[in-house]
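Look at TrEMBL and you will find 1-11 tagged as compositional bias 'Basic residues'. Annotation comment: TrEMBL describes 12-21 as compositional bias 'Polar residues'. The compositional bias 'Pro residues' annotation in TrEMBL covers 306-317. Here TrEMBL flags 47-81 as domain 'SAP'. Under the heading domain 'Exonuclease', TrEMBL lists 102-283. Annotated region 'Disordered' per TrEMBL: 1-21, 296-317, in sequence order.
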Amino acid sequence: TLNQQKNRKSPSKTNWSIPSTASELPLSNKDFSHPVYKEIALANGHINRMSKDELRVKLSELKLDTRGVKDVMKKRLKNHYKKQKLLQSAAEGGPTDTYYDYICVVDFEATCEEDNPSDFLHEIIEFPMVLINTHTLQIVDTFQAYVKPEVNPQLSDFCVKLTGITQETVDGADPFPDVLHRVVEWLQERELGTKYKYAMLTDGAWDMSKFLNIQCRISRIRYPQFAKKWINIRKSYCNFYKTKLSTMLEKLGMKYEGRPHCGLDDSHNIARIAVRMLQDGCQLRVNERMHGGQLLSVPSSAPVEGAPPPRNPGNRE
């Protein structure tokens, strides 16, 4: 389980070097007439005919994870063979599945009441981030800061019980603009958006389209450019595994680690799901964005772009 006494600060010594092997080059245009794709299609047909027990045996033989429902195991096995075949043709410029060098997972905690009125202004009270290196498939760093609410500085009993964040904690915290400044510095120190290509990732659309959007209006600052596009992992999960979402962890044969509704623990668990999906061959890419204050989908045909270099947003006019 996650250590409840974990250091909530980001480690000062982290290796940010990225292996530069041919297998990690960006995904390029593919010629699907290449014989390798016929071999992959034949392997997929064979895997589709396998029973759950046969899938588990084969995954075990290959020393792959055997957890998860049948559809998840089929996807895992298919992508194992796909990667093997593409590695064999790497010398010929075979494509890979990595779009970004890093993925930054965010899961805000915000003020709330047991029965939120329709006009309730949710204010961010915890800003956590978990950083995934997509080449090593490891969680390499974390950031966490609590935030002092401005409109409703007194937390409801329901909010305290749900999040575990106390009144004393937020009273001693910095206001949101100051915390956002620290977030930008943290991202800049890791050379995200400059040396390394990265994308933000959330569990659903609300973190960015609602919580961050509302918070920026309350704090009278512009919405940050680096958070205008993100990966909604719920969409990616359903599209990749072709299965309805109950709980992603349960479907993947995993258990929650830590305290639910602790923003950093939630972010860690979302990151674990993202890592498992990358291991299973999912091409995680930006699929949602904000434009003119509105939530929009990003079509799969759109060019793949990383988030821009992080900068502090200016004040609203």
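Glycine residues also receive a Cβ, built from the backbone N, Cα and C atoms like all the rest.
The shown structure was predicted, so the numbers you read here are calculated from the model rather than taken from an experiment.
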Structural state census, the region 'Disordered' (296-317) (DSSP three-state): 0 helix, 3 strand, 19 coil
Contacting positions for the domain 'SAP' (47-81) when only residues 6+ beyond its ends and CB under 8 Å are counted: 40, 240-243, 251-254, 276, 279-281
DSSP helix/strand/coil residue counts for the domain 'SAP' (47-81): 24 helix, 0 strand, 11 coil
Local confidence of the domain 'Exonuclease' (102-283) - pLDDT mean: 95
